[in-house]
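Undergrad: Swiss-Prot lists these features:
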BINDING   8, 10, 74, 194  Zn(2+) 1 binding site
BINDING   16, 41, 196  Zn(2+) 2 binding site
BINDING   74, 102, 132  Zn(2+) 3 binding site
C-alpha cells in the first residue's frame, strides 16, 4: 500500500536521536511524503525536552522543504489511570499525540495492568494513537483495547522500526496479530517509521507489507493519503489546518 504520511519521527531533541527537523523534512521530501509528524519523546523519558519545547511548536512553519509538518509528541503512559506526561496547557498547540509504553517510565507489570492503562489512556481523550503496541514486555488484551480504540476513534500504530526486529524483540508476530484484530474490529490504523535518524524518515516498507498481507481496508489506514490523515484529525476534534486545505 502507498503511504503518504509518517506519523512517528524523532529529532535530536529526544535525547537519543541524531537529526534536526530540517534534515528530517529533507528526507521526507526525498522519500515522497506529503506530511510527516514530528513526535519527540515527552519529558519523562531520560534526555527528553521540557514541555515548553512542545508548546512552542506553534512557531513552526506548516511546510518545510515542501512537506507538511504535523506538530506532535510521543507521550509516555504513566500509570494504570491512563495519565500521560504532557501538560494539558500544551494540547491546543499540538496536532497529534501518540501514547506509548516505555520501560524507563512505566515498569512492565502484568497483562491486566497494561490493558487497564491502555483503556484509561484511550478514554482520557488526549491521545490520537497508541504507539508500538507489539512489545511483548507490555502484553495486553488485544480485543478489549482495540475495541475501545475503535469506539473512541484512536488509531493503532504499525511501527516500521519494530518490524525490523532489532528493537522490542519478539514483537513481529504480535504486530501481525494486532493488525488482524484491528481489521476484524474495523479500527483505524496509522503507520510510523519511528525514525531516530533522518535516513529512516518515510521508511514504511515493512508496515506497508504488513497492511497488504493482512488485507486492511485502505479507508481505515489514515496514512494512505494526506487527506485521510487530516480528516482523521478533524474526526478527533482538531480544527482544520488552513495551510493544508489543498492537500489530497
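Using N, Cα and C of the backbone, Cβ positions are placed for all residues, glycine too.
Have a look at these and tell me how they're positioned relative to everything else.
TA: For the recorded site, residue 194 (Zn(2+) 1 binding site), the DSSP three-state label reads coil.
Its Cβ taken as reference, residue 196 (Zn(2+) 2 binding site) is surrounded by 17 other Cβ atoms within 10 Å in the chains shown.
The Cβ of residue 132 (Zn(2+) 3 binding site) has 100, 157, 159, 161, 162, 168, 171, 194 as same-chain neighbours under 8 Å, each 6 or more residues away in sequence. DSSP gives residue 132 (Zn(2+) 3 binding site) a coil state; it is part of no helix or strand.
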Undergrad: Once the chains shown are all counted, how many other Cβ atoms turn up within 10 Å of the Cβ of residue 41 (Zn(2+) 2 binding site)?
TA: 25
Undergrad: Measuring Cα to Cα, how many Å separate residue 74 (Zn(2+) 1 binding site) from residue 16 (Zn(2+) 2 binding site)?
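TA: On Cα coordinates alone, these residues lie 14 Å apart.
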Undergrad: Within a 10 Å radius of its Cβ, which of these binding-site residues (74, 194) has the fewest neighbouring Cβ atoms?
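TA: Checked 74, 194; of these binding-site residues, fewest Cβ neighbours within 10 Å: 194.
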